[in-house]
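As given in TrEMBL:
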type: DOMAIN; residues: 24-417; note: domain 'Ammonium transporter AmtB-like'
type: TRANSMEM; residues: 12-34; note: transmembrane segment
type: TRANSMEM; residues: 54-76; note: transmembrane segment
type: TRANSMEM; residues: 88-108; note: transmembrane segment
type: TRANSMEM; residues: 120-139; note: transmembrane segment
type: TRANSMEM; residues: 146-165; note: transmembrane segment
type: TRANSMEM; residues: 214-234; note: transmembrane segment
type: TRANSMEM; residues: 246-266; note: transmembrane segment
type: TRANSMEM; residues: 299-319; note: transmembrane segment
type: TRANSMEM; residues: 340-358; note: transmembrane segment
type: TRANSMEM; residues: 394-417; note: transmembrane segment
Amino acid sequence: MAMPPPACPRRLLPLSLGLFQGALLLFFTLFVTYDKPSAQAEDANLMANQLYGIFPFFQDIQVMLVVGLGLLLAFLPRYGLSALTHNFLLLNFSTQWALVLQGLLHHLHHGQVHLDLRNLLTAEFAAVTVLISVGAVLGRASPCQLLVVAACEVPIYLASEWAIVTRLGVLDVGGTITIHVFSCYFGLGVSKALFGAAQWPVHPKETPTPRSDLLSLVGMLILWVFWPSFVAVLCQPGDVQRRAILNTLLAMSASAVTTVVASSLLERDGKLSPSHLQNGSLAGGVAIGAVADMAVPPVAALALGSLSAVACVLGFRFLTPFLARKLTLHDQCGIHNLHGLPGILGAAASAVAILVASEDTRFSQTSPMGGNASEVAGGWWGDREAGGQALCQAAGLAVAIGGSLLAGLLAGVVIRLPCLARPPERLCFDDSLYFKIEDQVGSSEPGGTTEEGALALKEQV
């Protein structure tokens, strides 16, 4: 006779988070300090100008990640609380973990890690990769599994970003390759390893409702409004930053219009698909990141935005069902359509832009980790010919896809450990598994939420 699971897994999440926060408090006590302000008035004024220049962008990105992305994931009708809360938890966990790793690797001086707003911003970029990746397994993975994914992904992202930007000298100001492509294929690797070759039929709680689709659409609108800040925040102030903002706005405007056209044409009755709108309208922002600060003509930004929207919509309509059927690849949020396909398109566009650029064109490229790629590469692409830099762009894309996919497969194997067991299939996509739902406390319907909650406690997921 099988014995019921022990009571300890129920406490695994608070215990692990408590130990992590306690270790972080000790680390900050011993090693972390703030940057000291300059004693010279001129330098103090310069620091103030830098702060006021970056903080509005930082606030925009906070709204994107906490509110916009959280609501975008709320398309599952009975999983909204979990989607928002887990997104918020992973953002904070991953940011703090990235601060520790970045501090030890890049900002350790005389035994002290010097912390400033820029360090926090680049740590949040590392956290973004986690928030994107977990979209592939949203609703079918437990919070403990998601935290393990975050713990594994952040150091791998830092290593990947170093290899792509610092070693290869890839130009990617908006994180098209280093963030979007990397996180997409890491998440798909996790999904493939976690779910294996099993076919997953549509879950009865998986189908969006008009209310949940509306919440997700609001999230898309918030992301759409603030996306130029995400792309331009680490650009050099002045003309380069202005160019990045303009190119991003043009690309996203084109992707929004093209999404409506493509979605309507693909449906026999001409109606729009909410999932197409929620994702295709953002595809231009993903693709433009690799070329946003380059001196490309405005028509190029518009064209890239339109092409990325078409790729995203076609991916939802044809590619996702094909991959699920032929490769048994589970992608709950369609991250391959929003981040993978437009990311590949943007990487290809960056290589083309480099090849056709005039000889006197120069770019000031800043990497998501804060390093200046123009300094790393020595000018725009240093001693390389345009063809050599274009090959580096392609090599960076290959490293991002291959490295993240392999690392994601390994991380997926790790989270299959029995102590991190995922929820049983019939309890997936349900907030009652993780939250005390006050308006359902008195429910006593057979098979209702209370019964499912009791089963969840019994199974200790």
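The count begins at 1 with the first shown residue.
Using the three backbone atoms N, Cα and C, a Cβ is placed for every residue, glycine included.
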Arithmetic mean of per-residue pLDDT over the domain 'Ammonium transporter AmtB-like' (24-417): 90
Listed stretch, out of 88-108, 120-139, 146-165, 340-358, that has the most CB pairs under 8 angstroms to the transmembrane segment (394-417): 146-165
Sequence-remote partners of the transmembrane segment (120-139) [C-beta within less than 8 Å, at least six residues beyond its ends]: 54, 58, 61-62, 65, 69, 73, 76, 79, 82-83, 86-87, 90-91, 94-96, 98-99, 102, 145-146, 149-150, 153-154, 157-158, 175, 179-180, 182-184, 186-188, 190-191, 194-195, 203, 206, 233-234, 330-335, 339, 368-370, 408, 428-429
Chain residues outside the transmembrane segment (214-234) and at least six past its termini with a C-beta under 8 angstroms from it: 54, 56-58, 60-61, 63-64, 67-75, 80, 121-122, 173-175, 208, 241, 244-245, 248-249, 252, 256, 274, 277-279, 281-282, 285, 288-289, 292-293, 366-368, 370
